[in-house]
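See structure below.
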Ligand SMILES: Cc1cc2nc3c(=O)[nH]c(=O)nc-3n(C[C@H](O)[C@H](O)[C@H](O)COP(=O)(O)OP(=O)(O)OC[C@H]3O[C@@H](n4cnc5c(N)ncnc54)[C@H](O)[C@@H]3O)c2cc1C
């Protein structure tokens, strides 16, 4: 089994980093299941055990509740509060939801071309994979819109943190599933299973981008979509994304980003193209540090978003459909 | 090993799918939860005109139809029957407010009961002849409507019945304690917990404070506010007037405060007289006949006339009449008050309260809880209804973006948009009330020129009308 490829999501907090180190050591064969909280390194062996854990996910009262180590639980509750503090460490990621959720929503709806039956659940019927789901910042809103979301993260602690927060909202608890896994792991069983794969603020952290994108692409159904948001490899991105954000304004912890891993949009499009995708949209995003708000811009030299659609060989005309995205008005 | 777990994932996913069919049931589970604890998406504390309108607006919003809204009102549910006599508590409803009430059908209900149009407003100064009038070109178009508070609330309440599936009104229920995360409390759940006076408990994603100017939601949220007392009292009464049409709203500035008469029907008007606390005390005590005389005197007397200002004012009127032909804003004379509805006198202290912030995470303030102003321009409740329109739109957007209803990111949009509207209005009203609360010549002169100039500058007036009715 390949070693963990997916490295820490941006803005990782100290203790999560430690967890990450562990996760890398243990390698992916030791997939920790988030329901066996007491023993973090537990390996689920019997099938029945696995099934029990999985089936308790949305039961009224999770069986595992009783086996949680109180102190550990408190730690994760605290971490979960940090992740979900809109004005805390992850402020920029929270703010990004104002762009990326409509981007995914409108991208999927336009691609399908049929207006939703129930406006309150526009994404009903869509299955979405959130790669690098962190605290669940993206998974929860998508589930609220009706999608079934699987969030994967290589960091076991993130899975627990996200799960704790998810349980607070009974309306969506049954629609989200968090799994400690990498995109590469998922390919083994979930190839072409998802209507959409969302890779938001993750690609710039992986070591083997080409292999990572290939895995993500393989998970998408023919005719399905991939949504990527990431940082461009330009001087401006270095200046704002690394120097300003990490050293001057301390928006994210120092060392979060490695400029060498930033990705020019053309490179990303080339990779998508190679994996049988047609790019629908590439758009720049700008973060106003003072107003703490993101906005769409034409210029893609710092942050940008890409929507690409997997060519469906059975239906060739999809690639010619005129594309319109409501969420973007510059 | 890893593979086998991941393979199971498609199994759990199908469990997830089955769960959609359980969706309505999970709602019911929330409702009938044990030990007196309830779950809600939105709780509105305070069912006055503004809070009730908020509940109604949210309930009628298509995107929010699956959200559970609870409205808490301390008072019991009233069985309303339209009385023959008019109430002394009324509001001037702007066209923007009517648009909101229309959006959930309450305006139709109000019209079925009673309300009265205003075609023209005349504002003038007792120290000079300066005057300003507002009316749209033909006197047939309404600028606003006057309705009794009871009628407005009843109209809204009737429309609340239409959405009782998702909006529950809990009468005779008071929020006793609000536990708001991020404060001193160490509750690990990031939702808000409300302890009610009947021992029940509600957990909610969003708490809307509509509990009036002494808002306890505002206090519990530790939102900073400024407040001052105008050392003025408003005397209200229901007046009988000799008029044929009675569609003009009258307001005259006296050095002690403005006196206003709002039309309620062809022969009845509502009085709002702002004056000193001593004079108010006197006005409430005197016999009704003497009271009527005092009101007529206040509208007609010219004891405060400042000769300098009168001369300057007349001079300006002449110039502007020569410059601008066809200015039709002629002075009209207010109707004579002939009597007063027995027992309709009452008084209220006046003050200004403004919360520096209208929101924090999971909390929003609307209506008088966020801002209370001087009734001088009759803007109080209209600002509150403006909050309702804005907050409804912001929350609808938040839901369409899949956001948590209590998300600060969206609530801040509400605060920014509203403060941009409310602050200039409150500032102007406060400035006007200070400006007119004097008979010091330079200031009288200044304001006579001000009113006069505003009256002739048609475009400026149109802006004001547009602002008030937008
Ligand atoms: C003399 C006077 C004349 C006015 N004239 C005009 C006018 O002409 N035009 C105009 O637009 N405005 C006017 N106003 C202002 C207008 O009346 C107010 O702006 C408006 O009533 C505010 O409505 P509200 O719903 O925000 O608050 P309120 O009407 O104060 O309602 C608050 C509600 O909350 C309930 N409540 C309080 N605490 C709790 C709790 N803990 N739990 C549950 N429920 C609670 C109360 O029972 C009450 O029903 C006037 C005001 C005065 C004093």
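Just so you know, glycine gets a Cβ as well, placed from its N, Cα and C.
For reference, TrEMBL has these:
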type    : residues                   : note
BINDING : A:100, A:132, A:153, A:200 : S-adenosyl-L-methionine binding site
BINDING : A:201, A:204, A:205        : Mg(2+) binding site
DOMAIN  : A:129-228                  : domain 'Methyltransferase type 11'
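All features noted in TrEMBL, drawn onto the structure.
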residue : record                               : DSSP (3 states)
A:100   : S-adenosyl-L-methionine binding site : helix
A:132   : S-adenosyl-L-methionine binding site : coil
A:153   : S-adenosyl-L-methionine binding site : strand
A:200   : S-adenosyl-L-methionine binding site : strand
A:205   : Mg(2+) binding site                  : helix
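The binding-site residues listed here are A:153, A:201, A:204; among them, A:153 has the most other Cβ atoms within 10 Å of its own Cβ. Here the Cβ of residue A:200 (S-adenosyl-L-methionine binding site) has 25 other Cβ atoms within 10 Å, regardless of which shown protein chain they belong to. Residue A:201 (Mg(2+) binding site) is 13 Å away from residue A:153 (S-adenosyl-L-methionine binding site) when you measure Cα to Cα. Separating the Cα atoms of residue A:100 (S-adenosyl-L-methionine binding site) and residue A:204 (Mg(2+) binding site) is a whole-number distance of 17 Å. Counting other Cβ atoms within 10 Å of each Cβ, the lowest count among the binding-site residues A:100, A:205 belongs to A:205. When the Cα positions of A:100, A:132, A:153, A:200 are compared pair by pair, the longest gap among these S-adenosyl-L-methionine-binding residues is 19 Å. There are 26 other Cβ atoms within 10 Å of the Cβ belonging to residue A:132 (S-adenosyl-L-methionine binding site). Here residue A:132 (S-adenosyl-L-methionine binding site) is positioned 8 angstrom away from residue A:201 (Mg(2+) binding site), judged by their C-alpha atoms.
Mean pLDDT across the domain 'Methyltransferase type 11' (A:129-228) comes to 94 in this model.
Taking the Cα atom of each, residue A:204 (Mg(2+) binding site) and residue A:132 (S-adenosyl-L-methionine binding site) are about 12 angstrom apart.
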